[in-house]
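The block underneath contains the structure these notes are about, expressed in structure tokens.
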Amino acid sequence: MTTIMVATMIGLLLLGFPMMIPLATASIIGFFMMFGGLGQMETLIQQLMAGIRPASLIAVPMFILAADIMTRGQSANRLINMVMAFIGHIKGGLAVSTAASCTLFGAVSGSTQATVVAVGSPLRPRMLKAGYSDSFSLALIINSSDIAFLIPPSIGMIIYGIISGTSIGELFIAGIGPGLMILVMFAIYCVIYAIVRGVPTEPKASWGERFSAVRLALWPLGFPVIIIGGIYGGIFSPTEAAAACVLYAVLLEFVVFRSLKISDIYAIAKSTGLITAVVFILVAVGNSFSWIISFAQIPQAILEAVGINEAGPTGVLIAICVAFFVACMFVDPIVVILVLTPVFAPAIEATGLDPVLVGILITLQVAIGSATPPFGCDIFTAIAIFKRPYLDVIKGTPPFIFMLVLAAALLILFPQIALFLRDLAFR
């Protein structure tokens, strides 16, 4: 049964069908092979509905909507200008500012695609003008945007939390340390790159310009305060924090900044609705697929066949990293989380691994795979936005992928990088 389901998925993917079709088809085939007919079909429908029933999923369209509003408004530019005012003048400062701006906007929006658009669109031309190569600029924007997978809010963490039953609030807090560690790695590389290539520095901003930039960015900086402060302080659940972010974004862009008009609402709602529909369909069919393979005890059979259960906690973590990394090079990250998390669930439980640490590692691997050739989804986002050839986009990615893999190794060796803030906040 496993072979037929996997072959069906691969075959339909190669034929160019959207990911939801192979998942749904494989689920139906597996269901028929287990139950032998339509008699229990209502069970499959129930599993489809169960996938999108959790109230926590409401946070997904909320964060998507907030990100769309901010991308179309002034929040992103104000954050970029503030970062540039303080570190733009150092060696490699423009590149470091790009990485920091991606991280900061990721902490505001939770969306890698929104971050690529909001930060990459204004900063890539400035980087090219300053003397950075296009391949380096594109790779930096893509990989820095993927830090949004780790810095809360993170849609990937929400999906993992629902599938695994892990606290989304704990995942959000635990992602901060690894996200900042990766930002530091990228910043060091940017400085070294600028020194080696002889990239000139930007003019230094005066303290008056810095204070002005901070003043203008104070309102957008309220987003991470609402999310992290609200969850940490027990004021909001993650879902309530998402709703508060939407309200805050509407007030900022429509009332305070007046950067958007009533006529923009239709385009924003349409964009949010389309993205949300795709995510929810994937979650629904992914849940039915996960239920079928779990019911058939396929995960246990796979893990026993490859001997992962005897590998110990470190071996299980390495296997998880490799599986998620490779899968995300070819398949949408949400689908990978939905399909592979149940596969490794028995091994995670058997070895007593902290599900929060596992969630952070999975999220990191999703980030790496999404920016890795041949089919990482963020590569094609950059191709669509910047209108550059495929080879130009991927040429500068290897150093960043190496740093992300190094970050994963450090997390396995030193789990407190992720768990320290979690323990401080919740234990």
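Using the three backbone atoms N, Cα and C, a Cβ is placed for every residue, glycine included.
For 13-35 (among others), the entry in Swiss-Prot reads transmembrane segment, with the evidence type sequence analysis.
The feature transmembrane segment is assigned by Swiss-Prot to 49-69 (among others).
The transmembrane segment annotation in Swiss-Prot covers 79-99 (among others), and the record cites sequence analysis as its basis.
Summarising the annotation, Swiss-Prot assigns transmembrane segment to 103-123 (among others).
The feature transmembrane segment is assigned by Swiss-Prot to 147-167 (among others), with sequence analysis given as support.
Same-chain neighbours of the transmembrane segment (172-192): 90-92, 95-96, 99-100, 103, 106, 140, 143-144, 147, 150-154, 157, 227-228, 231-232, 238, 356-357, 359-360, 363-364, 399-400, 403-404, 406-407, 410-411, 417-422, 425-426, counting only residues six or more beyond its ends whose CB sits under 8 Å from a CB of the stretch. The transmembrane segment annotation in Swiss-Prot covers 172-192 (among others).
The transmembrane segment feature in Swiss-Prot is assigned to 216-236 (among others).
Among the features that Swiss-Prot reports, transmembrane segment is placed at 237-257 (among others).
The transmembrane segment annotation in Swiss-Prot covers 273-293 (among others).
The feature transmembrane segment is assigned by Swiss-Prot to 320-340 (among others), with sequence analysis given as support. Sequence-distant contacts of the transmembrane segment (320-340), counting only residues of its own chain at least 6 positions beyond either end whose CB sits under 8 Å from a CB of the stretch, comprise 13, 19, 23, 149, 155-156, 159-160, 163, 279, 282-283, 286-287, 289-290, 348, 358, 361-362, 365-366, 368-370, 372-377, 405, 408, 412.
As annotated by Swiss-Prot, transmembrane segment applies to 356-376 (among others), with the evidence given as sequence analysis.
According to Swiss-Prot, the feature transmembrane segment maps to 400-420 (among others). Sequence-distant contacts of the transmembrane segment (400-420) (same chain, at least 6 residues past either end, Cβ-Cβ under 8 Å): 139-140, 142-143, 146, 174-175, 177-178, 181-182, 185-186, 189, 314, 317-318, 321, 325, 354, 356-357, 360-361, 364-365, 367-368, 371-372.
If you count C-beta pairs under 8 angstroms between the transmembrane segment (103-123) and each of 13-35, 49-69, 147-167, 216-236, 273-293, the highest count goes to 147-167. When each of the listed stretches 49-69, 79-99, 216-236, 237-257, 356-376 is scored by C-beta pairs under 8 angstroms to the transmembrane segment (147-167), 356-376 comes out highest.
For the transmembrane segment (49-69), the partner stretch with the highest count of Cβ pairs under 8 angstroms, out of 79-99, 216-236, 237-257, 356-376, is 237-257. Panel annotation: around the transmembrane segment (216-236), residues 66, 70, 75-76, 78-79, 81-82, 104, 107-108, 152-153, 169, 172-173, 176, 244-245, 248-249, 252, 256-257, 425 of the same chain, lying at least six beyond its termini, place a Cβ under 8 Å from a Cβ of the stretch.
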